[in-house]
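Notes to accompany the following structure.
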Amino acid sequence: MDSGGRIVYALNVEKTGFLRILSVTVLQRLYRRVFWFLFKCVAGIDVPRHAGSLAVFSFFFLSILYSISSGGYMNHFMKVAISNSGFLVTHVDMSGNKRMMEQDILKVLGLDEYPSMISFDIDKARFILEQQPWVRLADVQKIYPDRLRISLVEREPYAIWQHNGEMNIIDDTGYVIAPFQAGLVQNLSFVVGQGAQKTAKLFIQALSVYPQLQNHVRAYVRVGDRRWDLFLANGMRIMLPENGAIERLASFIEQGVAEDLFSRDISDIDLRLSDRITVSLSDEALTRRRAVVLEEERLLKMLKAGSV
């Protein structure tokens with residue numbers, strides 16, 4: 001106690017307690033002001049009568065929706081909802097699909113599950129279809145309430161292309177449609193070599209004016225992506241020049257010796273030089289030719305021996 005009768009406390013002990021009491025008082029006063037401000041803000045708002053019920057309903061609805069989603073039942077729920085709404089795809093009309101099976105089309109478009117007319121994307125469906133090997137163009141239309149119309153323009157197989165040990169079916173532009181399988185296509189031209197797929201159509205069309213030759217062709221072989229060799233059904237090879245191949249063939253055919261040469265035991269006919277035709281005998285013909293020559297030489301020796 002000091003001289004004035006007041007109790008004196010140690011500053012380093014009681015100062016902290018005093019500040020705590022002061023801060024509590026200030027905070028309580030601050031809380032009251034904030035509460036009073038918020039009360040004045042909402043005091044003028046007219047709360048609807050059923051706001052509480054709506055809040056409770058929203059809470060339960062969101063809880064059920066979360067349970068369906070987390071439990072993995074959303075797909076089934078969507079299927080039932082779409083079906084009950086009447087916008088479920090129930091009819092799919094298809095046209096132009098000769099090579100691509102109907103069930104394959106339904107599968108790649110996801111129409112084998114629970115398609116919705118509303119959510120079905122026709123642009124995406126068209127893109128997916130045009131990525132299929134046999135499809136060149138596709139058109140997809142919605143016909144409400146429950147029908148889709150799919151029209152396809154498929155690629156036409158033009159030839160069988162052999163290259164690098166592989167055999168593929170190509171169209172007339174050289175586009176590779178699919179790997180070759182026996183029985184999948186019939187009566188197609190057979191082209192061989194790098195670059196043959198791009199130039200085969202023009203060459204085969206140009207050669208079609210000479211059916212007496214083309215009917216015997218078994219394979220069109222592209223050599224060095226520069227020129228063509230023709231392999232005939234009898235095993236004969238016709239070697240064509242790099243430039244003016246069709247004109248050279250025309251001259252050869254018009255000379256009237258083609259049919260005669262085709263019936264002989266010849267392995268190669270070389271037309272690469274414009275001023276001559278070079279012919280190579282087959283192995284069998286060459287063997288017979290050598291036998292004939294040897295026999296003639298033997299007879300000649302016998303005649304000479306008899307005359308002596």
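Just so you know, glycine gets a Cβ as well, placed from its N, Cα and C.
Feature annotation from Swiss-Prot assigns topological domain 'Cytoplasmic' to 1-53; the stated evidence is sequence analysis.
If you look up Swiss-Prot, you'll see 54-74 marked as transmembrane segment.
Sequence annotations record features per position, and here Swiss-Prot assigns topological domain 'Periplasmic' to 75-308.
If you look up Swiss-Prot, you'll see 87-155 marked as domain 'POTRA'. The average pLDDT the prediction assigns to the domain 'POTRA' (87-155) is 92.
Across the domain 'POTRA' (87-155), DSSP classifies residues as 16 helix, 24 strand, 29 coil.
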